[in-house]
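Written below as C-alpha cells is the structure these notes are about.
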Amino acid sequence: MNISESTETVVREPQLASSDPCAKGDQMFCPHMGIEGNASQRFHIEQLTLLRKRLKVAGLLLASGFLAFLIRAYFLGDHPHLKVVTDDILWWSCHIVTGILIAITAFVTFSRWTPCWSLRWSEIIMFGLPGVFFAFDQATMACTCSAEENMKIAAAYPFSSVIPWIILMQVYGVFIPSGKTRGGFVIAIFAIIPIVTAMLTSVYSSAVSDVLYSEGGLSSMVLIMCLSAATSAYGAFRFGRFRREAFDARSVGVYSLKKKLGQGGMGEVFLAEHKLLKRPCAIKLIRPEFAGEKRALERFESEVQAAAGMTHPNSIEIYDYGHTDDGTFYYAMEYLPGLSLQQIVQKYGPLSASRTAYLLAQVCDALEEAHAKGLIHRDIKPGNIFAAERGGRYDIAKLLDYGLVKSTASNSTADMELTAVGSVIGSPLFGAPESLVGEGSGPQSDLYSLGATAFYLLSARTVFPESNILKAVFAHVNLPPDPISEIADVPDDLAAVVMQALSKKPEERFASAREMGLALRNCECYNDWNYMIAEAWWEEVENFQERAAVETQTEAGEVTVQMPSPVPVG
C-alpha cells in the first residue's frame with residue numbers, strides 16, 4: 001500500500017477533543033506507523049501523565065494542610081473539635097484523613113504502574129475524603145459544643161464553614177486536568193454540599209438557624225459558593241484550553257514539532273520527530289494565510305500526492321500525510337542532513353564544474369521519473385535541490401518542493417485555477433520563457449530551469465541578474481544569455497550542455513531529462529567528483545558531523561541577484 005492509497009484512514013474531518021485524560025480516541029492505520037491513535041488520543045495520554053503529576057502536588061498540598069492544622073491543634077488546642085476531651089471521633093478522623101492523604105500521595109508518587117482507573121480512584125479519595133471530613137465537621141460544629149461557644153460558632157458559621165470548601169474547589173480546579181462536564185460537575189458538588197449541610201445543621205441548632213435565615217447567612221453562603229465555583233470552573237476550563245493549545249502547537253499527528261525551519265511555496269516547514277520511532281523528519285504545513293482558501297488546500301494536497309508518487313532516491317521521500325484535529329493539512333518527509341545548493345553557493349561561492357555535473361546529473365534522474373509519470377516540477381532552482389548525506393554517502397542530490405507540480409495529462413479549468421493560486425509560476429529568475437508568459441510547461445521547461453540552476457552554481461549569479469521581476473521575465477523571454485564560459489572557468493563540453501538547456505525554444509533543448517543526464521555524465525569533468533571526495537569536502541569545509549542537520553529544508557526565498565565571484569569550492 002502506498003501513501004496515497006491510505007488517505008481514507010489518515011485524513012479525517014476535524015473534531016473537537018475532550019480534555020478528559022481517560023477519554024478514548026479513535027485509531028487509524030498508516031503504512032509507515034501501523035496502528036496508532038489520533039491526535040486527541042495522544043493528547044489524552046499526555047493528560048494522563050499530567051494527571052499523575054498533578055495528583056502528586058495536590059495530594060502533597062492537602063496532606064500538608066491537614067498535617068499543619070493537626071500539629072497546630074496539638075500545641076494550641078483552640079478549636080473545640082480538636083480537643084481530645086470534646087470529640088474523640090472528629091479528632092481521630094482528622095488523623096485518619098491525614099494518614100490516608102499521605103498514603104495516596106505516596107502511592108501516586110512511587111507506584112510504577114498507575115492506569116487511568118487507579119488515578120481516578122486516587123483523585124476521588126484525595127478530594128472526597130476531605131470533603132466528607134469538612135461536611136462532618138461543619139454539621140457537628142455547632143451541635144457538640146457549649147452554649148457559649150455555640151453562639152460564637154453560629155455567628156461565624158456562614159463564612160467559616162465555606163472556607164475549606166473554597167480551598168478544595170481551587171485546588172481541584174487548578175491542579176486536576178478534566179473535561180468541562182466532569183470538572184464542572186465535581187466543582188458544583190463542592191459548592192452544593194456546604195449549603196445543604198448548613199441547612200441540615202440549622203434543624204438541630206437554633207443559633208445557626210437564626211444566623212442562616214434571619215440574618216441572611218444562607219444567602220451569603222450561596223453567593224460566596226456560586227462565585228467561587230464559577231471562578232474555579234472557569235480557571236479549570238482555561239487551564240485545559242491552554243494545555244490543549246500548547247499540545248497542538250508542538251504536535252502534528254504522531255509527530256512532535258521541534259522548531260521552524262523555513263517556508264516556501266504554499267507551506268511552512270518544521271523540524272519534527274516521530275513520537276514512537278524517534279525518527280527525525282520535516283513536517284510541512286499549509287501556511288496560515290492560505291488556511292481559508294479551498295483552492296490553496298487543493299494545491300497543497302496535489303503537492304503531497306505528486307511527491308508521494310516519486311520513488312526515485314533523488315526525490316524527497318514522503319512518510320505520511322493527513323489533517324490535524326483543527327483541519328490543518330500536513331505531510332511528513334525525510335529530514336535531510338546537508339545544505340541546499342543555494343546555501344552552498346551563498347556560503348562558499350560557485351561550485352566546481354565536476355561537482356555541478358555530478359549533482360545535476362542526479363537531478364536529471366529524478367526528473368526522468370517525474371516526466372515519465374506526466375509530472376512537470378515547474379519550480380526547479382538551487383533552493384529546491386539539496387546536497388544531502390544519505391546512508392553514509394555525501395552529495396546525494398534531492399529534488400524538493402513539488403508545490404507547483406503539474407500533470408501533463410490535465411488541461412482542465414480546475415487545474416488552471418489551482419495554478420493561479422500563488423500568481424507567479426515558479427521563480428522568475430530560473431523559469432523557462434514559455435512558463436513565465438503562461439504558454440504552458442513541458443519537460444523541456446524543467447530542463448531550462450535546470451540549465452539556469454547550473455549557470456548559477458558555476459558562476460554564483462543568475463542568467464539574467466535583474467533586480468526587477470518584470471525585467472527578469474522579459475530577459476528570459478527575449479534576450480540571449482551570456483555564454484557561461486565568458487563568466488566562469490567552465491570546460492567547453494559542460495558549457496555546451498548548460499547553454500543548450502538555456503535555449504529559448506523548447507525543441508532546441510534536450511529531448512528528455514535522460515538525454516541531459518547522459519550529456520552531463522559524458523562531460524570530461526564528471527569523473528573528477530564522487531561521494532568520497534564529497535565526504536572529504538563536508539568534513540573539512542562544513543564540519544558535517546557537528547551539524548545538527550539541515551538549517552532549511554525548503555526554499556529559502558529568491559536568490560541574491562548579484563553576488564561576488566569567489567574562488568570555486570569543491
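Positions of Cβ are set from backbone N, Cα and C atoms, glycine also.
What TrEMBL lists as ATP binding site is Lys284.
What TrEMBL lists as domain 'Protein kinase' is 255-530.
Sequence annotations record features per position, and here TrEMBL assigns transmembrane segment to 57-77 (among others). Tertiary neighbourhood of the transmembrane segment (57-77): same-chain residues 83, 94-95, 97-98, 101-102, 104-105, 108, 122, 126-127, 130, 167, 171-172, 175-176, selected by CB-CB distance under 8 Å and a gap of 6+ residues from either end.
Panel annotation: around the transmembrane segment (89-110), residues 52, 55-56, 59-60, 62-63, 66-67, 69-70, 73, 81-83, 119, 122, 125-126, 129-130, 133, 136-137, 140 of the same chain, lying at least six beyond its termini, place a Cβ under 8 Å from a Cβ of the stretch. Feature annotation from TrEMBL assigns transmembrane segment to 89-110 (among others).
Long-range contacts of the transmembrane segment (117-136) within its own chain (CB-CB distance under 8 A, at least 6 residues past either end) are made by residues 21-22, 48, 51-52, 55, 58-59, 62, 66, 90, 93-94, 97, 100-101, 104-105, 107-108, 111, 164-165, 168, 171-172, 176, 186, 189-190, 193-194, 197. As annotated by TrEMBL, transmembrane segment applies to 117-136 (among others).
For the transmembrane segment (156-176), same-chain residues at least 6 beyond its ends with a Cβ under 8 Å from one of its own Cβ atoms are 51, 54-55, 57-58, 61-62, 65, 123, 127, 130-131, 134, 137-138, 141-142, 183, 186-187, 190-191, 193-194, 197-198, 201, 208, 211-212, 217-218, 220-221, 224-225, 228-229, 231-233, 235-236, 239. Residues annotated as transmembrane segment in TrEMBL: 156-176 (among others).
The transmembrane segment annotation in TrEMBL covers 183-204 (among others).
If you look up TrEMBL, you'll see 216-237 (among others) marked as transmembrane segment.
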For Lys284 (ATP binding site): DSSP state (helix, strand, coil): strand
For the domain 'Protein kinase' (255-530), mean pLDDT (0 to 100): 84
Lys284 (ATP binding site) CB neighbourhood, other CB atoms within 10 A: 32
